[in-house]
Every structure is written in C-alpha cells, then in structure tokens.
Amino acid sequence: MSEINNENLEPTSSTVAESTESKNKHIRSALRKRRGKLSAQTYEEDQEAILSSPLLTSTPKTVSRSLVRLYPYLIVVDNFLSIITWSNDNVSANLLGIFLFTVCVLYFGFITRYFGHLMIVGIIWVYLLIDKHVQETMASCPSLDDIIHVMDRVSMKSSAVLSPITILSAQDVRRLLFTIAFLSPVYIFLTVFVLSPNYLMLIGGLYVLTYHSKLIRRMRRYLWKFRVVRLLVFFITGLDLGGPDNNRRLFASVNKKIRSFVWNEVGNTSNTKKTVLFKVALFENQRRWLGIGWTSTMLSYERASWTDEFLNTSPSPEVFTLPEEQSGMAWEWHDKDWMLDLTNDGIIQLPASAAKTKVKPGADEGFIYYDNTWNNPSATDTYKKYTRRRRWIRTATVTTTYDDEPTVEKATPNSHALKSEENNRVRKRKVSFSTANEVHIIPSSDSSKLIQISDVSMSPSL
C-alpha cells in the first residue's frame with residue numbers, strides 16, 4: 001500500500017520539474033556561439049544544454065533573454081574599463097593603448113594622408129580579434145551567474161572612472177565653468193605661443209589614461225602634500241578638492257577646546273606650558289564585490305572608505321597629517337606609526353596575554369563584519385557578510401603656551417552666522433579642506449592628563 005501511495009503522490013513533483021525544464025530549455029544554451037540572425041526563434045529552437053544557472057528558475061524569460069543579448073557588449077566594456085582603471089593583469093595592454101593614443105594624436109594628419117585606406121582594414125581586423133575574444137569568454141563562462149558577475153564588475157569600474165566627476169555638485173560645475181571662462185586668455189596664450197592644441201590634447205589624454213595607475217596615484221599623493229600644489233589646483237579649477245589637509249578645520253576646533261581647557265585648569269599664569277595627549281582613531285571600511293572580493297570601493301550613497309567615528313569622510317593614514325605650529329599650539333605624533341586596534345574598540349574579545357594593537361597587520365585582521373546594510377555585526381566572516389570595518393589608532397600630543405586669556409566663543413548658530421558674514425567681507429580667497437561637522441578625540445588610557453572632546457561645532461572659516 002505504501003508503494004502505491006508514493007506512486008500516486010510523486011507525479012505532481014515530477015510534473016512541476018518537467019514544466020520548469022520545458023520553460024528553461026530555450027535559454028539554457030543562450031550563451032553558446034551562434035550563427036545567423038539572433039532572434040526569439042533561435043532561443044526556442046536551441047535544445048543543447050551547456051551550463052544552466054540556478055537563477056534561471058527565478059529569472060523571467062524576457063530578462064534572461066535581454067541579459068544574454070547584452071553579455072557580449074558587457075565583456076567588451078569590462079575589458080575596456082579594465083584598461084582605463086589599470087585593474088587588468090596584463091599591463092602591456094595599457095602601455096600599448098598609451099603608445100597608440102600618443103601616435104594617433106601626434107601624427108594623425110600624416111597617418112590619415114598616407115595610411116587612411118589601411119586604417120579601415122586595421123579597424124576590421126581589431127573588430128575580429130575582439131569578437132574572437134568575446135566568443136572565447138562566453139564559451140568559458142556560459143552561465144547567468146557569469147553575466148551577473150560581469151555586470152557587477154562593469155558597475156564598479158564605471159563608478160571608479162566617474163568618481164572624479166560624480167562628486168561634483170551643480171554649484172561646483174558652475175564655479176568650474178566660471179573659473180575656466182575667466183582663464184580663457186591664458187588658454188589662448190598657451191595654444192598660440194607655447195603648446196599647440198595637439199599637445200594639450202595629448203597631455204589631457206595621457207592624464208586620463210594613467211589616472212588610475214599605481215605610479216600616478218602615488219605621484220599625486222606625494223605632490224598633494226605640498227600646499228603650493230593644492231593652491232595651484234584651487235586657483236585653476238576654483239574647486240575645493242580636499243586632500244591631506246582636509247582635517248584642518250577639525251584641528252582648528254580642537255585647538256579652541258584645548259585653549260579653553262588649559263585656561264580653566266592653570267588659571268592666569270603667564271608662559272604656562274601644558275601638554276595634552278590625544279588618541280586619534282580612523283576607521284577603514286571595505287565592501288565585498290562578487291568575483292573580486294574585499295575592496296575599498298564603496299557604493300556612492302554609503303560611507304567613504306576611510307571615516308572617523310561619526311562617519312565623516314577622513315583621509316587615509318598615509319596622508320593624515322597634524323597641523324603646523326600656530327597660535328601657541330604645537331602638534332606632534334607621540335606614536336611612531338599607526339596601529340591596528342585588534343579589539344576594534346573592545347568589540348573583539350582577545351586573551352589577556354594577547355597584544356591589543358599591531359603595526360603591520362594582515363589583510364583580514366581586526367575586522368568586524370556586517371551585512372549589506374551595515375547591520376548585524378559579527379567577528380566572523382560568513383557568506384551573508386558584505387561589509388566590514390576596522391579601527392586604526394595613533395597617539396598625538398599638543399603643547400600649549402599662553403600669555404593672555406584666550407577668547408573662546410560659544411558655538412551658537414547666530415554667532416557662527418555673524419562671524420561668517422564678517423569673514424566674507426574681509427577675507428581673501430583661500431582654501432578650506434573639510435566639511436566635517438563633529439570632532440571626537442578618543443582619550444588615551446595612559447596616566448597622562450587627557451581630554452575628551454565630542455560634538456564640537458565647526459567654525460565657518462579658519
């Protein structure tokens with residue numbers, strides 16, 4: 001009887017499976033190399049199964065068909081963006097692209113005059129090579145999951161390419177247009193007497209092609225440390241592009257609190273020196289991308305790759321600098337290097353005998369893992385975790401010397417508005433490097449005299 005009952009119950013499951021199989025067989029081999037016209041009938045007639053994806057059961061037929069048609073173009077765009085972002089394994093392709101661009105810009109007239117007819121054949125030959133590469137890629141990665149991975153890579157690389165533009169607001173664009181228009185006489189002088197338009201186009205193109213290379217990134221980071229370079233960029237573009245000194249306002253507000261603290265503690269004593277110890281904390285944020293792994297590339301609407309405790313954008317430890325000595329305030333680092341907090345501010349429990357900090361940690365040490373929305377923290381990495389962060393700390397000291405009582409204004413909206421209006425009347429054009437609204441200095445655990453500063457309102461100008 002039990003066997004008879006089982007035979008009566010199982011046909012339902014088998015019928016569902018056959019129905020699902022019949023729905024999916026027209027897209028199972030959608031990524032196979034095809035000949036002839038690509039149409040809906042081609043999908044229906046194709047009966048050969050190569051490698052199906054579990055996503056086929058939940059993806060509508062029209063969506064799958066559109067993704068299949070889009071896949072070859074995604075492969076081409078992905079390879080092109082890999083060259084632009086220098087994220088490919090073959091650096092020779094980048095160098096070849098730079099060489100061809102240089103030759104085309106400098107000798108475009110000569111090439112078109114004597115080899116224009118051969119250029120047409122060369123373009124067709126390049127197209128055939130690209131088509132062959134696309135077909136090989138489709139044959140080696142013939143599933144719907146591979147299409148999704150390529151789409152993720154294209155999205156991430158496109159965000160990286162457009163990141164210098166997407167950060168600009170409408171007001172920034174208007175300011176840039178006004179500044180560039182104001183500098184038109186300088187541009188005309190350069191193109192007429194110094195450099196021809198071809199050379200200017202060559203310089204601009206090479207800058208774009210090498211913008212994401214490691215060497216150029218390091219050169220920009222090194223040059224950006226010089227205030228002259230930052231001011232030059234500001235006067236050319238009219239934009240506040242931030243940089244290593246975008247924590248200047250942060251320290252300006254901290255200086256005010258220190259002046260008030262020292263005055264209240266030591267009283268009216270001339271030439272009084274006071275050393276205050278601070279522990280500065282930076283948080284490194286990363287996101288997991290399918291097919292790539294953990295990277296510092298974040299979504300456009302979420303926190304930056306480096307932030308402070310309040311999620312304000314912060315420079316990375318390599319470019320984080322203390323302010324220069326001014327107004328009786330002398331800042332200097334107490335620790336030699338930045339150290340990773342292996343406990344992540346006490347969240348990760350370590351044995352009592354284990355070290356709590358590390359100067360050169362591993363790539364995966366000290367992280368707290370979260371889900372896709374930065375919730376549900378955990379000390380272990382699982383397949384449900386897509387974001388993570390860890391804490392870097394470094395101790396700094398500030399020595400103060402005062403002869404007179406400092407004037408510390410209360411941080412009220414009215415006082416800030418009045419002060420901003422006065423500064424706008426008299427101040428000259430200068431650069432501001434931060435838009436942070438809060439300062440939080442985490443006190444050290446040493447026995448020295450410490451201060452905790454939080455929720456400090458920023459002054460509108462330095």
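Residue positions begin at 1 at the first shown residue.
Yeah, the Cβs are placed from backbone N, Cα and C, and that goes for glycine too.
Database features (Swiss-Prot):
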{"type": "COMPBIAS", "residues": "1-19", "note": "compositional bias 'Polar residues'"}
{"type": "MOD_RES", "residues": "Ser432", "note": "phosphoserine"}
{"type": "MOD_RES", "residues": "Thr435", "note": "phosphothreonine"}
{"type": "REGION", "residues": "1-26", "note": "region 'Disordered'"}
{"type": "REGION", "residues": "406-425", "note": "region 'Disordered'"}
{"type": "TOPO_DOM", "residues": "1-90", "note": "topological domain 'Cytoplasmic'"}
{"type": "TOPO_DOM", "residues": "112-175", "note": "topological domain 'Peroxisomal'"}
{"type": "TOPO_DOM", "residues": "197-462", "note": "topological domain 'Cytoplasmic'"}
{"type": "TRANSMEM", "residues": "91-111", "note": "transmembrane segment"}
{"type": "TRANSMEM", "residues": "176-196", "note": "transmembrane segment"}
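With a threshold of 8 Å between CB atoms, the same-chain residues lying at least 6 positions outside the transmembrane segment (176-196) that come near it are 168, 203, 236-239. For the topological domain 'Peroxisomal' (112-175), the DSSP-based tally of helix, strand and coil residues reads 58 helix, 0 strand, 6 coil. Per-residue confidence over the topological domain 'Cytoplasmic' (1-90) averages out at a pLDDT of 59.
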